[in-house]
Amino acid sequence: MAIETTTAIAVKAAPPRRRSRKATLAWQIGVRVLMGLVTLWCISVIVFVATQAMPGDVAKIILGPSATSEQVAQMNENLGLNQPLISQYWDWLSNVLTGNMGDSLVSGQPVSELLSERIFNSATLTVIAMVLILPLSLLVGLIAAVFRDKFVDRSYLGASLVVTATPDFVLGSLVIALFGTVVFKVLPPVSLIPPGEAPWEHPRQLIMPLAVMTVVGVTYLSRLVRVSFIDVLESEYVQLATIKGLSTRRILFRHALPNALAPSIPAASIMAAYTIAGSVVIEYLFAYPGIGSALVDSVAGHDLPMIQAIIMLMATAFFCFNQLADVLGTLNKSR
Amino acid sequence: MKAVEVTGLTVTLDDGSVIANDVSFSLDTGQVMGLVGESGSGKSTVGLALLGFAKSGANITGGKVVVGGVDLLALGPKELREARKKLIGFVPQDPATALNPAMRIGTQLTEGLLGGKKENLPRIRKVLEDVGLPSDDAFLRRHPQELSGGQQQRVAIAMAVAKGPKLIVFDEPTTGLDVSTQARVLEMVAGLCCDNGMAAVFVSHDLAVVGTVGDLVTVMYAGQILETGSREEVLLSAAHPYSIALLESVPSTRQRLPLVAIPGRAPAAGAKFEGCVFADRCAFVEDRCREAAPEMVTTSTGSQARCIRVEHVLQNQKLLVKEPLHHTENKGGDRQAVLSVRNLNASYNRTQVLYDLSFDVAPGECLAVVGESGSGKTTMSRCLIGLHEEQTGDFEMDGKPLPSRLRDRPKAVKQQMQYVFQNPYGSLNPRETVATAVTVPLRHFYGERGKAARTKAQEALERVEIPWRLADRYPAELSGGQRQRVAIARALACNPSLLICDEVTSGLDVSVQASVVELLRTLQDDGLSMVFITHNLAVVRSIGDQVVVLSKGRVVESGAVESVLTDPQHPYTQGLLADTLEVDRSDAETSDLTG
Amino acid sequence: MIRTRPKEQGDQAPPRTLTHRVLTARQTRLGLIMMLVMIVFALAGPFFAPHSPTAVLAKPYADPGDGLVLGADSLGRDILSRILSGGANLTWMAFAATFIGVTLGTTIGLVAAFKGGIVEALLMRLVDIMLTFPTIIMAILFISMVGPSRVILVVLVAIGLTPGMARVMRGAARPVMRREHVMWARTIGLSSRHILMREVLPSVTSPLMVEIGLRLMWSVVGLASLSFLGFGVQPPASDWGLMVSENKDGLAIQPLAVIIPAVCVALFTIGGNLFAEGAARVIGRTEGTRS
């Protein structure tokens, strides 16, 4: 009996190979996106549980150790902490999804209002950094690969070893010391953007944070570009292209580039995710008014709604770029 | 003037070791030269150097390659590029990796040709038809990964031919192909060179392939040409001791020959030598062979050989020829089968790959299972040992039912049935010494430790001719053949009654294959039963008593090796035999003379 | 006419395992020495501090003098003493986090590769989810709620290291599991323990070493960064990361209070990276020539 079933399956499975491959790909990506939504939901639960339903008194954390019991009771009332957890979560989630994230406990203004400008500032910084990082990584990776094991490549590898290992805040502090305060004093050591003004109206303030973000990003991404370029340059098809007598330019840009680029694209997306996470340090270091520095300030001021909103925002952005990388990687593999 | 003239071609690695040394030959228009050698002989290096190309880490350090009156090695980078565009074509070993996966076939075929894409297209279509491929636009728009292996190889050949070169270099283009595809590709190659007036150099490790396609045959060893001449001169009356030894080690599908292995180990690429490069392994060696590197001399057979004793060798080589072996039919008699398999069905990822296989292995016999790639032979051998999960069927061992899954099998069965894998580089744990590899099963099955275990391990290693001084080596320090022997010794240490050998010789050079086949034959003489899985009919003839021919997961023919290979009944077996190339040899006459 | 045996094996290098080769390469040695120096400096430093790291001894950002070799920091404490006692916490926390993360990740990776099938699928799904999870941001969240507990910091960093570690080790172990010597061990019925410990683990020690170096570096980077943001060791206690943020406003007056702790952290992490990349290079070279 068993034999007959296996044969039947084989007959059914064999012919529509091609179409089923595309179908499985769509299915695979579908599953990933679904898993992603589940993860995102998990994040929201964790953020909620961590902030609102912690064992111990949230109100006390917010008000500080010197709070009176009436104050604590009042705070519990305000935050809706007396209600059952499930309904608290439900209220919270529906509010978050409709963009209503409550009022700041410090200033009393709505969180969404407080954050909108900061989000804009952070996004500006990140987007400009990405715009710089992508082409630069490609260029640097390509040059290093072409001059593999030569002086150019070796010094690049040495520099990138140091930069990769150095924490952003160390790198940033040294840059500030070098250009801002101690040695050259040519750039402002802090990047304060007055409220209501766009970051690009203060280009000099942006140079140092952008430089640090770009150097870190380029170091990460260009190494991947370099490795995939080297793999491709050593491939048999590049050897055959050389043997066919093609020009170096054609070999590099028509034969090698498309193949070397493919694995770098998911990596770029991962790098975007880490740039977002890393922006907390950079913004705090340069006192740049973005959501990263807002997070640090909110934690110091126990501003619970602000913390919730910023963490949700950053976690979602981080997660989305990671998920994008995952999907791009799946697409790549299927080719 | 010759179409191609190569003189003193030398390729050196960055560390100074020479991997191709003083290579010289010449070709007429339309002539094909087969360049044959074992791994590390430098044949592919020479193939690439003919295009003025050396892999990274290597440099062409001397010599001339004159094609159509132009010395390629004297050209600057720009002129060299132009020369490659029009004078020389190259067909790579593995088109699956040599065609760019991100570019369309049409683009890859037209790029690099002189003139625009438009004017070249008619020519490309013509060449595609010549190599037996469709030439419509839909085909040109495809990407390489949408073609089969045979089609990819044809595209690669079309790419080389399209420019109308004076010389075309084939680098083992049929190695990955099945015998039937190989036969067709070789036929096409010969036709193309003849019709288009191109000279060709055909690099291969396979003497039969070289003998089929080449008008001239050149034998390389340790970076040097040892013998060169016409096909008949080199293959029928070889003069150099190495050529003779190499021919002795090639199995035949027509008769069961004793295979003579070359003693010692092939030198690593770039090894340094005082005198003759083959002296250490040569049966005719004298002290003066080691003193100075021998020059090329013209022999009395008409070929050129790099040997100072060549005439002496020619006079005495017949002593080496041995009579064909004869099968002792029906060794097993009516005794109970060691292993019997009934109705074995197996699938892989829910696609059925084996259909109703049934066969018996008689005691002391070797059952050869032969099939091309995709025939399911490896899945079958994994089923026998219990490593394959998706299978149904009935096994019996010595008359007792045998569970199909490994975890259900008793320890005694695991000891009696031993498996030797195809890949000698993976079958030994790289972090364990040879001695440990052999003592692990002794400890596992017999609880032997310490000195007793080492003594038994020594016996097992000596049985496979691995000297005990190698016992503390790691696998990385052994050659492929030595590793395969250690794997066999490890199996023997379990004291098995049945040995399953999965393509154990296919990763080895022919002279090493000969030694492993001879070893297995002596084990068989000691009474060991064997299942020998292979794609090579000649090896079947050398070692098998019974044979099962697999095609697309089904047994198409089975029976005694003598009768199946002499008089095949099934069209598939007939086709397989017809497509399997043979080295034409003079054995028939010589064995008469000496016998 | 007596032939000498061909020197077929005699001229080969003595057996040296890859692990040995990794540990003796110049770059990995330099990395190891750098890390070792920093560890000794960080752990022994507190005993050599001339003053209490928390005592206010002078005016803020006071110049060197009066027994303060490097001057005073933003609150008037001795910079030298704070530097000497600012690495101990970082060091043990980084090692603890690396140890936990590497052990956990390696176990998950090896078990997944060994078991295969549904176990592997589930474990790797879990790892995928953990990888897309913003651990750094989550760490900030937890610490902001619970307060900067050192144990929680170590656990969070360890959890952050685990999924990547698991993925790498499974990636390294999978081809080993498919190798013939592992299949052979299965065919003769050797125990799972024997197969994992003797056949699989020795073949993945080299990538393991690379990863340990990398993860250690990331632990230090992560912990120092959290401390810089004020989520790590709390004032008035001393810590390198914290010192940078405490004194960054006085960078123009007292640059050494920022630069020296920053460089200390960097030396530590660069040592880790030197080791990791050196090891990776040795492995790449060996495996590159093997094929």
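Keep in mind that glycine also has a Cβ here, set from the backbone N, Cα and C atoms.
The annotation transmembrane segment is assigned in TrEMBL to A:25-50 (among others).
Taken from TrEMBL, the feature domain 'ABC transmembrane type-1' covers A:119-325.
The transmembrane segment annotation in TrEMBL covers A:123-147 (among others).
Taken from TrEMBL, the feature transmembrane segment applies to A:159-186 (among others). Sequence-remote contacts of a segment are chain residues at least 6 beyond its ends whose Cβ falls under 8 Å from one of its Cβ atoms, and for the transmembrane segment (A:159-186) they are 208-209, 211-212, 215-216, 219-220, 222-223, 278, 281-282, 285-286.
Annotated transmembrane segment per TrEMBL: A:206-225 (among others), in sequence order.
Sequence annotations record features per position, and here TrEMBL assigns transmembrane segment to A:260-286 (among others). Same-chain residues lying 6+ beyond the ends of the transmembrane segment (A:260-286) with a Cβ under 8 Å from its Cβ atoms: 122, 125-126, 129-130, 133-134, 137-138, 141-142, 145, 167-169, 172-173, 176, 189-191, 208-209, 212-213, 216-217, 220-221, 224-225, 228-229, 231-232, 292-293, 295-296, 314, 317-322, 324-326, 328-329, 332, 335.
Sequence annotations record features per position, and here TrEMBL assigns transmembrane segment to A:306-325 (among others). Long-range contacts of the transmembrane segment (A:306-325) within the same chain: residues 32-33, 36, 39-40, 43-44, 47-48, 51-52, 92, 96, 101-102, 104-106, 111-112, 114-115, 119, 266-267, 269-270, 272-274, 276-277, 280, 291-292, 294-295, 298-299, each at least 6 residues beyond the stretch ends and with a Cβ under 8 Å from a Cβ of the stretch.
Within the chain, the transmembrane segment (A:123-147) has long-range Cβ neighbours (under 8 A, six or more residues past its boundaries) at 153, 156-157, 198-200, 206, 209-210, 213-214, 217-218, 221-226, 228-230, 233, 252, 260-261, 264, 268, 271-272, 275-276, 279, 282-283, 288, 290.
Only residues 6 or more beyond the boundaries of the transmembrane segment (A:206-225), in the same chain, are considered here, and those with a CB under 8 A from a CB of the stretch are 125-126, 128-130, 132-134, 136-138, 140-142, 144-145, 159-160, 163-164, 168, 171-172, 175-176, 179-180, 187-189, 191, 199-200, 260, 263-264, 267-268, 271, 274-275, 278-279, 282-283, 285-286, 288.
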